[in-house]
Amino acid sequence: MAKVYYDNDVNKEYLKNKKIAVLGYGSQGHAHALNLKDSGYDVVIGVREGQSRTKAEEDGFQAYDVSEAVERADVTVVLMPDEVQQRVFNEEIVPHLKPQSALVFAHGFNVHFGAIKAPDDVDVFLVAPKGPGHLVRREYVKGSAVPALFAVDQDVTGDAKALALNYAHGIGATRAGVIETTFKEETETDLFGEQAVLCGGITKLIHYGFETLTEAGYQPELAYFEVLHEMKLIVDLMYEGGMEKMRHSISNTAEFGDYVSGARVITPEVKENMKQVLADIQSGTFSRQFIEDNNNGFESFKSMRSTQAGHPIEKVGADLRMMMPFINNN
């Protein structure tokens, strides 16, 4: 079973009198920075000139270029997109890191797959909230929290685990609980979930459902409602209480259909395909593909994005959502 840590497991002295540089002020960056600041820690922002820096300054932070922020820091938190981290790390972070300082990540991608190699004289750990930045911030302000994962990759000082837990406490996560893991486990499970289920799997399932109905002569609008719009209703029930609550809440007709038809659609062959997706993640095949495409200006990525945006379900959905102002209001 997973080991879970809470507030009373944290020594809150490890971040005391340390300056924390949060690099990036996007979804996770702003949430980590504000929560740490409200927890009483000394936080500066490292970000280039632009809207993000202006927003950070409006939120009460001193903001600097990345290199200057790192020079000032005892703890450097890398919260930039995966695809830019390697360049920024090599050019603007490494030359300015203090020995015996700490490097913090919210995702292990670049460290695990070797795109980033930390110096041998710094601690390296990750703290990964299991929710988007706005939720991390909102729950903290309410006195609640989003759970998180944490892992230590390099422990030079002997204090990396204690520091990671103190950091998790600073962003509020130990209120809910933080689970100990490894960079390998966090990275590979995160990528698998995105590719096989949460993003890749579900979007392809929806497309095939929409196409099956429209090719059989049903109106696209009804197809959209049945395979995409109502997905949220089902997912919300599972989110709140697992599949048991979902099945308790739907009709007997729907539940019976779940049992007799689900395995006809998602066959054992799908599980074998999932295993191959996982194998490509584990071997580094996916990471190499992603990094190579990024180095080529994301040519393939942009082409795939354009193709998917042109699927008929997007036009049908855009029109139908005009009938549902409550969606935008929420």
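The backbone N, Cα and C atoms fix where each Cβ goes, glycine too.
Here's what Swiss-Prot has on this protein:
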ACT_SITE  HIS107  active site
BINDING   TYR25, GLY26, SER27, GLN28, ARG48, SER52, ASP82, GLU83, VAL84, GLN85, GLY133  NADP(+) binding site
BINDING   ASP190, GLU226, GLU230  Mg(2+) 2 binding site
BINDING   ASP190, GLU194  Mg(2+) 1 binding site
BINDING   SER251  substrate binding site
DOMAIN    2-181  domain 'KARI N-terminal Rossmann'
DOMAIN    182-327  domain 'KARI C-terminal knotted'
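Cβ neighbour count within 10 Å across all protein chains ranks ASP190 highest among the binding-site residues ASP190, GLU194. Here the C-alpha separation of GLY133 (NADP(+) binding site) and HIS107 (active site) works out to 13 Å.
Other Cβ atoms within 10 Å of the Cβ of SER27 (NADP(+) binding site) number 16 in total over all chains. Between the CA atoms of ARG48 (NADP(+) binding site) and ASP190 (Mg(2+) 2 binding site) there is a gap of 28 Å, rounded to the nearest whole number. When the binding-site residues ASP190, GLU226, GLU230 are compared by Cα distance to ASP82 (NADP(+) binding site), the shortest distance belongs to ASP190. Per-site Cβ counts within 10 Å over the binding-site residues ASP82, GLU230 peak at ASP82. Broken down with DSSP, the domain 'KARI C-terminal knotted' (182-327) shows 126 helix, 0 strand, 20 coil. TYR25 (NADP(+) binding site) falls outside any helix or strand according to DSSP and counts as coil.
Here GLU230 (Mg(2+) 2 binding site) is compared against the recorded positions SER27, HIS107, GLU194, SER251, and the shortest C-alpha distance is to SER251. Counted over every protein chain shown, other Cβ atoms within 10 Å are most numerous around TYR25 among the recorded positions TYR25, HIS107, GLU226, SER251. Binding of NADP(+) is attributed in the record to TYR25, GLY26, SER27, GLN28, ARG48, SER52, ASP82, GLU83, VAL84, GLN85, GLY133, and the widest Cα separation among these residues amounts to 20 Å. Recorded residues SER251 (substrate binding site) and HIS107 (active site) have their alpha carbons 40 Å apart, per Cα-Cα distance.
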